[in-house]
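Contents: one structure, followed by commentary.
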Amino acid sequence: MHPAHLLVLLAVCVSLLGAARIPPLPLSLLNFANLIECANHGTRSALAYADYGCYCGKGGRGTPLDDLDRCCHVHDDCYGEAEKLPACNYLMSSPYFNSYSYKCNEGKVTCTDDNDECKAFICNCDRTAAICFAGATYNDENFMISKKRNDICQ
């Protein structure tokens, strides 16, 4: 084999090893992002909800700041209920990792009938939240507010 070919092969192997260490985005969170953007007709990226108020994004505490933050609080509670279901009691059936089937048609989100009990429950949590997000006012001042004012979500 030509030395240049060996060098290219080595570079590919090294880059693949590096990429293998990058954790993938949990599939159900990717589903949730798609449902959000379906329900709001693509008017706002799902990332805009990743760190909003006291409950949108990782964790959550305190009093929700507005209707949108209340949507996230309800969604957090729904995931908590999903984790209590016997059908969802192992790691890969966690709401954060369990991918489900859905359809999006002109802003209407539908969880499909081929989901098992756990997937159907998680899909309905995400569907309800996505519809709630689409109907709530987005207050720009509440984006990343917990980082701007760490006393607000006590």
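Placement of Cβ uses the backbone N, Cα and C atoms for every residue, glycine included.
Here is what Swiss-Prot records for this protein:
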- His75: active site (ACT_SITE)
- Asp126: active site (ACT_SITE)
- Gly57, Gly59, Asp76: Ca(2+) binding site (BINDING)
- Cys38-Cys104: disulfide bond (DISULFID)
- Cys54-Cys153: disulfide bond (DISULFID)
- Cys56-Cys72: disulfide bond (DISULFID)
- Cys71-Cys132: disulfide bond (DISULFID)
- Cys78-Cys125: disulfide bond (DISULFID)
- Cys88-Cys118: disulfide bond (DISULFID)
- Cys111-Cys123: disulfide bond (DISULFID)
- 1-27: signal peptide (SIGNAL)
Exercise for the section: Compare the Cα of Cys38 (disulfide bond) against each of the disulfide-bonded residues Cys56, Cys118, Cys132 and report the nearest. Expected result: Cys132
Completion exercise
Quick note, Gly57 (Ca(2+) binding site): same-chain residues at least 6 apart with CB under 8 Å of its CB -> Tyr49, Ala50, Asp51, Cys72
Practice task
Starting from the Cβ of Cys132 (disulfide bond), draw a 10 Å sphere and report how many other Cβ atoms land inside it.
Solution key: 17
Problem - Rounded Cα separation (Å) that holds between Cys153 (disulfide bond) and Cys71 (disulfide bond) - result: 16
Handout entry: Secondary structure at Cys54 (disulfide bond), reduced by DSSP to three states
Key = coil
Practice task
Provide the three-state secondary structure of Cys38 (disulfide bond) computed with DSSP.
Solution key: helix
Practice task
Please name which of the recorded positions listed here, Gly59, His75, Asp76, is nearest in space to Cys125 (disulfide bond), Cα against Cα.
Solution key: His75
Fill in the blank from the handout: CA pair Gly59 (Ca(2+) binding site) / Cys71 (disulfide bond), Å rounded to integer, equals 14
Exercise for the section: Would you mind ranking the disulfide-bonded residues Cys38, Cys104, Cys118, Cys125 by how many other Cβ atoms sit within 10 Å of each Cβ and giving me the lowest? Expected result: Cys104
Exercise for the section: Write out the long-range same-chain contacts of Asp76 (Ca(2+) binding site), meaning residues 6 or more apart in sequence whose Cβ is under 8 Å from its Cβ. Expected result: Tyr55, Gly60
Exercise for the section: Anything within 10 Å of Asp126 (active site)? Look among the recorded positions Cys54, His75, Cys78, Cys104, Cys118, comparing CA atoms, and list what you find. Expected result: His75, Cys78
Exercise for the section: Sort Cys104 (disulfide bond) into helix, strand or coil using the DSSP assignment. Expected result: strand
